[in-house]
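Undergrad: The structure follows.
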């Protein structure tokens with residue numbers, strides 16, 4: 001109580017921040033009259049004037065009032081829109097690297113222009129991040145009018161652009177694009193072989209629109225570039241049939257809250273027996289160690305059938321399983337579930353099963369956006385997640401006041417016992433609203449529920465529009481016209497829709513939709529005037545009816561999504577109303593103990609069709625939602641700790657890779673690698689302080705043959721009186737250096753430098769790809785360490801570091817081995833440019849695409865493991881060429897590199913297969 005009184009007297013921290021911005025607003029308003037009288041040319045000259053001030057040492061904060069006033073005047077002249085004072089404050093919040101929470105309809109898109117223009121004056125580039133291509137194109141064209149008028153260049157990154165177009169867009173002062181495109185371009189750039197081929201500039205400043213959707217809802221989902229792995233289509237089909245025909249109710253246990261399902265003991269026995277019958281299981285125990293892969297695929301088939309529902313979690317479109325985003329209801333084209341789950345869903349639905357893939361590069365949005373020195377964001381709903389924004393991203397949230405008071409009436413929830421009673425009440429309300437010409441927006445949590453409600457309305461002959469992932473293309477137009485008199489619009493989650501619902505209808509959308517074929521001229525002007533009059537008249541009708549009525553058919557597990565739905569009504573001081581209709585059969589109610597409530601309602605004598613309405617129920621639901629939000633925050637925080645381990649390693653690898661590309665030559669690096677490999681080779685065979693008879697000269701001789709490609713008299717050297725390991729290291733080093741000097745003399749220094757650089761990059765990429773796979777495997781089982789009273793995170797850090805050191809050692813060895821064996825044919829006058837890796841861009845898991853590993857031009861140096869490099873015969877003929885490897889003759893395999901696939905065809909690395917015996 002006293003806290004509330006104190007806040008009323010002195011204001012909270014947010015109020016004080018907003019109050020502090022008003023002084024700057026007054027300064028900007030004082031400049032406005034001076035700019036009104038300027039000609040367009042004079043106003044445009046202010047951009048150069050502001051840049052000159054920056055060049056002379058002033059800061060962005062110093063020029064902020066003049067820059068904001070300039071943008072405001074330019075917006076009036078180009079768009080016919082003037083920034084309100086609260087919008088100016090929103091621009092200041094963005095400029096200082098914070099998140100501005102602004103209600104729907106407060107003009108977030110226009111607010112961004114202020115901070116974007118100011119920061120773009122430095123010439124380092126500003127990125128504006130949106131949630132889909134439509135908004136990126138719309139905003140870059142719409143707001144781009146302001147920037148171009150003021151002499152700044154604008155680029156737009158959308159799907160389907162080639163590298164030249166992307167490079168030009170990133171070179172612009174301001175670049176609009178989606179979070180996916182920015183992230184994938186970063187990963188692709190770090191797979192390029194020349195700096196000139198990269199498309200992005202160094203990061204400077206990013207403003208993220210719908211920041212809660214991108215940095216929280218999608219934070220757990222990594223961006224992945226991948227290439228194909230083994231084909232297991234027949235296994236998925238077989239296991240799908242086993243689960244479909246064998247597993248019945250009672251054979252499995254399901255935990256909806258944890259989204260987990262597992263076989264019971266009886267179910268396990270039935271599945272194991274069926275697997276033996278079809279020959280997939282050789283023994284009666286499904287959980288034997290050698291059946292671990294089979295168990296994994298059985299579990300994924302079980303999840304596909306018992307946890308994932310068509311038209312709720314995914315839809316089937318064009319012979320593909322397409323994931324539906326649980327927060328926005330959008331189709332996530334190109335995104336796939338990981339670890340074989342997507343293939344299990346494809347088998348379940350009978351569509352073409354795409355091959356599993358191996359990760360080539362990946363990053364989460366959490367770590368991608370933390371690469372920007374300055375980051376800001378905008379959204380209508382961020383305060384509920386303010387703690388997470390601060391803890392993970394260091395981004396404070398400022399709740400901006402509205403330009404006009406909010407007049408929307410948020411009514412208490414109505415709770416019914418069954419879903420049928422709930423839908424009957426919703427339809428009654430819709431009919432009442434239509435009778436008074438009040439538009440209704442109905443929010444559902446899934447496609448299935450939206451189509452169910454649509455069927456009810458069809459039976460009642462109520463005209464309506466349905467907006468869900470199936471009709472993505474018409475999305476913007478349907479939303480824009482949802483404010484017309486009597487309109488009924490059913491929409492899956494409204495998060496991130498990006499288009500305002502304007503009462504009476506949306507002028508721009510109607511012009512675009514109805515007059516697209518009408519050329520400029522008097523006839524078009526008359527048609528526009530007619531549409532404008534129709535919208536004005538329609539708005540009056542809607543205002544008298546009470547504005548837009550928002551109906552929620554279920555509570556989402558996140559309060560933020562519910563608030564976004566409510567926020568569609570009551571924009572810019574318009575009247576409106578909102579109400580949620582719930583039933584005890586809803587997911588959130590069922591998961592959080594609706595059985596007890598059902599018993600209580602029956603005792604109270606609640607009749608069919610009656611609802612219980614009380615603020616206590618609202619509070620109880622909000623508490624349940626708060627618990628879920630806290631749980632999800634903990635999951636994201638924990639995942640980030642693990643991803644940070646890989647992120648630190650990623651930074652090192654990408655930085656080293658860029659240094660290699662930037663260097664004129666890498667001779668010193670490969671020489672250093674060669675010397676380290678020789679030292680390690682000798683140290684393994686001749687341990688420190690060991691007696692001569694303890695030296696493993698046979699092993700050393702074989703390693704010298706394999707790595708250096710020469711039959712050197714190592715055993716004879718070891719027998720020499722008084723020889724030490726340092727002497728052997730020196731002789732091997734001298735031999736290797738002389739051999740490389742001979743190659744340089746034969747092929748020329750320029751060609752050798754190109755070969756060294758090309759090989760180092762290619763082998764680094766291959767090693768990094770293998771390392772990512774190893775980290776994936778490590779991550780999957782690391783939580784089991786908790787049973788041994790060990791901290792899984794510390795274990796993961798320790799072992800991941802060990803794997804990283806192993807990767808670097810393997811990199812040094814492979815680079816040395818390949819360079820010692822390399823022969824350049826005379827036809828190779830010019831070394832071809834290394835091929836760019838080809839990979840599928842996916843969310844969460846790989847999708848099918850050719851790997852591109854075989855796409856090297858003829859004449860490119862190749863290696864015997866059929867990857868990128870193949871040694872030609874060395875010197876006077878010690879090493880056989882790759883073509884002499886015979887699959888059935890293990891004796892011919894002895895010079896196969898240790899990390900290459902074994903020639904026997906097992907799929908294992910040579911060092912883990914036939915290479916073990918050496």
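Placed from the backbone N, Cα and C atoms, the Cβ positions cover glycine too.
In case it helps, Swiss-Prot gives these features for our protein:
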- 87, 105, 106, 107, 108, 109, 500: ATP binding site (BINDING)
- 902, 904, 913, 914: Zn(2+) binding site (BINDING)
- 908-918: compositional bias 'Basic residues' (COMPBIAS)
- 876-918: region 'Disordered' (REGION)
Undergrad: Inside 10 Å of the Cβ of residue 500 (ATP binding site), count up the other Cβ atoms and send me the figure.
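TA: Within a 10 Å radius of the Cβ of residue 500 (ATP binding site) lie 18 other Cβ atoms.
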Undergrad: In whole Å, how far is residue 913 (Zn(2+) binding site) from residue 105 (ATP binding site) when you measure between their Cα atoms?
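TA: That separation, Cα to Cα, works out to 64 Å.
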Undergrad: How long is the line from the C-alpha of residue 109 (ATP binding site) to the C-alpha of residue 902 (Zn(2+) binding site), rounded to the nearest angstrom?
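TA: It is 57 Å, counting Cα to Cα.
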Undergrad: Using an 8 Å cut-off from the Cβ centroid of 87, 105, 106, 107, 108, 109, 500, can you name the remaining same-chain residues around the ATP site, in sequence order?
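TA: Counting only non-site residues, the set is 102, 104, 110, 111.
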Undergrad: Could you state the whole-number distance in Å separating the C-alpha atoms of residue 108 (ATP binding site) and residue 902 (Zn(2+) binding site)?
TA: 58
Undergrad: Using C-alpha atoms only, work out the spacing between residue 87 (ATP binding site) and residue 913 (Zn(2+) binding site) and round it to an integer in Å.
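TA: So the Cα of residue 913 (Zn(2+) binding site) lies 66 Å away from that of residue 87 (ATP binding site).
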Undergrad: Measure between the Cα atoms of every pair in 87, 105, 106, 107, 108, 109, 500, the residues the record assigns to ATP, and report the largest value in Å, rounded to a whole number.
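TA: Across 87, 105, 106, 107, 108, 109, 500, the widest Cα separation comes out at 17 Å.
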Undergrad: Could you round the CA separation between residue 500 (ATP binding site) and residue 902 (Zn(2+) binding site) to a whole angstrom and send it over?
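TA: Computed Cα spacing between residue 500 (ATP binding site) and residue 902 (Zn(2+) binding site) is 60 Å.
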Undergrad: Per DSSP, to which secondary structure element type does residue 109 (ATP binding site) belong, with helix, strand and coil as the options?
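TA: Residue 109 (ATP binding site) sits in a helix per DSSP.
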Undergrad: Using a 10 Å cut-off on CB atoms, tell me which of the binding-site residues 105, 107 is the least crowded.
TA: 107
Undergrad: Around residue 902 (Zn(2+) binding site), how many other CB atoms lie within 10 A of its CB?
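TA: Result for residue 902 (Zn(2+) binding site): 20 other Cβ atoms within 10 Å.
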Undergrad: Rank the binding-site residues 87, 109 by the number of other Cβ atoms within 10 Å of each Cβ, and give the residue at the low end.
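TA: Taking 87, 109 as the binding-site residues, the minimal 10 Å Cβ count falls on 109.
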Undergrad: At a 10 Å cut-off from the C-beta of residue 913 (Zn(2+) binding site), count the other C-beta atoms across all protein chains.
TA: 18
Undergrad: Is it possible to get the count of other C-beta atoms within 10 angstroms of the C-beta of residue 106 (ATP binding site)?
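TA: For residue 106 (ATP binding site), the count of other Cβ atoms within 10 Å is 25.
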Undergrad: Could you give the Cα-Cα distance between residue 902 (Zn(2+) binding site) and residue 107 (ATP binding site), in whole Å?
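TA: That comes out at 61 Å between the alpha carbons.
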